[in-house]
Amino acid sequence: MLKTILPTIMLIPLAWFTSNNMVWINTTLYSFAISLASLHLLHQPLDNSLNLSPEFFLDSLSTPLLILTIWLLPLMLIASQAHLSSGSTFQKKSYITTIILLQVSLIMTFAATDLILLYIMFEATLIPTMIIITRWGNQLERLNAGSYFLFYTLMGSLPLLVTLMLIQNTLGSLNLMMLPYLTKSIDNLWSTNMLWLTCTMAFMVKMPLYGLHLWLPKAHVEAPIAGSMVLAAILLKLGGYGMLRITILLDPLTMHMYYPFLMLSLWGMVMTSSICLRQTDMKSLIAYSSVSHMALVIIAIMLQTPWSFMGALTLMIAHGLTSSMLFCLANSNYERIHSRTMILARGLQTLLPLMAAWWLLASLINMAPPPTINLIGELLIITTSFSWSNLTIFPMGLNVLITTMYTLHMMTTTQRGKTSHHAKSIKPSFTRENTLMALHLLPLLLLSLNPKIILGLMY
């Protein structure tokens, strides 16, 4: 694991000691080299002997999420260049350092062997994200968004810390390898049900579960582009990863406790998709669509079947890349029009035809057509939920329909129609932006050729 953590940490001195005009180029190139060098981790031996140590381990559940995290660092750096072009060199280097620190804590979260280390790193991601939102956000509301993000996350996480200390005292270990052998004798009591709730609530806030999601649209809308990318692509997946780990350990309890959360997720999935239909703000629409997709993942994790686990992990990876790409496209519009309102960006297809092609591809993938991995993930989840209860086909089908409607609405509002006057003299699309979109799209297309490497533990 150190072969990914140490080179990532060494990007910090690289950023500070490199010459001012080479800061972006050097950090982007070296981070891209790290992401390419870490792709071999996707090949997991059956006994997991290559990636096991007392502190860190990788299995087929954490590896795809880890690779997604590492892959996103150069993309965040590429996307942020225009946003910081007017800032001082010190600001640029501080921004890059903050992103790298966030990256390191994310890598260590996905690779942690011990639950207390997972908790510490899970909370450590909060500080750099807060700094990115509140220091480099665009509007004054960023402080409000930062406080929402902070309090929701901390209020959800405090019971988890108390519960982990209780488990440590009771069982004597928090090691993820040991716990399956120690938690076999959990009884269905009120106290153990509360233990399950406190363990999962921190991750449900991070997902977020419908009802605990109010921090997400605010944080997404006010964050700069790198903040939006890392929030959508990885921080939401931290919640899914934590829930997958915890619910497998507390397995008999999950089957007693899952019903209200399943109902809430089914309801929230349709509600947030419907909210998307009446959004005027581009980033807010993409943020609410993230809540809708993550509700599907919560349903899959709660159902506790091999197919649903495979669907949850596949959809998390697919959504991470797709939503990150949509945020990059929304940001490219914002950099030209200086507004997130969709109707003001109408008619951009005639001015930026190549960017319109990227919009079309991203919108299509968001609608989950064959042969994308989005479809594979959604099919696995819908099939599993249908086998649990036939009635789930109605909210699931309605959600698929509304998702198609709001995605087409977003696409047509921003790209088609008569060009507004203020958009006549905008900048053309840059090679940097086209490269950024291609690097989002390439993994999605390649994974659709061989999806089994991201299907997780149960494949």
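Cβ from N, Cα, C; glycine included.
As recorded in Swiss-Prot:
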- 21-43: transmembrane segment (TRANSMEM)
- 60-80: transmembrane segment (TRANSMEM)
- 99-119: transmembrane segment (TRANSMEM)
- 147-167: transmembrane segment (TRANSMEM)
- 195-215: transmembrane segment (TRANSMEM)
- 224-244: transmembrane segment (TRANSMEM)
- 257-277: transmembrane segment (TRANSMEM)
- 284-303: transmembrane segment (TRANSMEM)
- 308-330: transmembrane segment (TRANSMEM)
- 351-371: transmembrane segment (TRANSMEM)
- 375-395: transmembrane segment (TRANSMEM)
- 436-456: transmembrane segment (TRANSMEM)
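Outside the transmembrane segment (99-119), and at least 6 residues removed from its termini, the chain residues within Cβ reach (under 8 Å) are 1, 4-5, 8-9, 11-12, 15, 27, 53-58, 62, 65-66, 69-70, 73, 76-77, 80, 125, 128-129, 132, 157, 160-161, 164, 167-168, 174-177, 179, 226, 230, 234, 238, 241-242, 245. Same-chain residues lying 6 or more positions outside the transmembrane segment (375-395) and placing a CB less than 8 Å from one of its CB atoms are 266-267, 269-270, 296-297, 299-300, 303, 305, 307-308, 310-319, 368-369, 448, 451.
Touching of the transmembrane segment (284-303) and the transmembrane segment (60-80) is ruled out by the presence of fewer than three CB pairs under 8 A, sequence neighbours closer than 6 excluded.
Residues 42, 60-61, 64, 71, 74-75, 78-79, 309-310, 312-314, 317-318, 321-322, 324-325, 328-329, 358, 361-362, 365, 371-373, 376 of the same chain sit 6 or more residues outside the transmembrane segment (436-456) yet have a Cβ under 8 Å from a Cβ within it. Long-range neighbours of the transmembrane segment (21-43) within the same chain, counting only residues 6 or more positions beyond its ends whose Cβ lies under 8 Å from a Cβ of the stretch, are 3-4, 7-8, 11, 14-15, 51, 58, 63-64, 66-67, 70-71, 73-74, 77-78, 81, 89, 92-93, 96, 100, 453.
Same-chain neighbours of the transmembrane segment (308-330): 61, 64-65, 68, 72, 75, 79, 220, 225, 228-229, 232-234, 236-237, 240-241, 244, 282-283, 286, 289-290, 293-294, 296-297, 299-301, 340, 355, 358-359, 362, 365-366, 368, 372-374, 376-381, 384-385, 433, 436-437, 440-441, 443-444, 447, 451, 454-459, counting only residues six or more beyond its ends whose CB sits under 8 Å from a CB of the stretch.
Ranked by Cβ pairs under 8 Å to the transmembrane segment (257-277), the stretches 60-80, 147-167, 195-215, 224-244 are led by 195-215. The largest share of C-beta pairs under 8 angstroms with the transmembrane segment (60-80) comes from 224-244, of the ranges 147-167, 195-215, 224-244.
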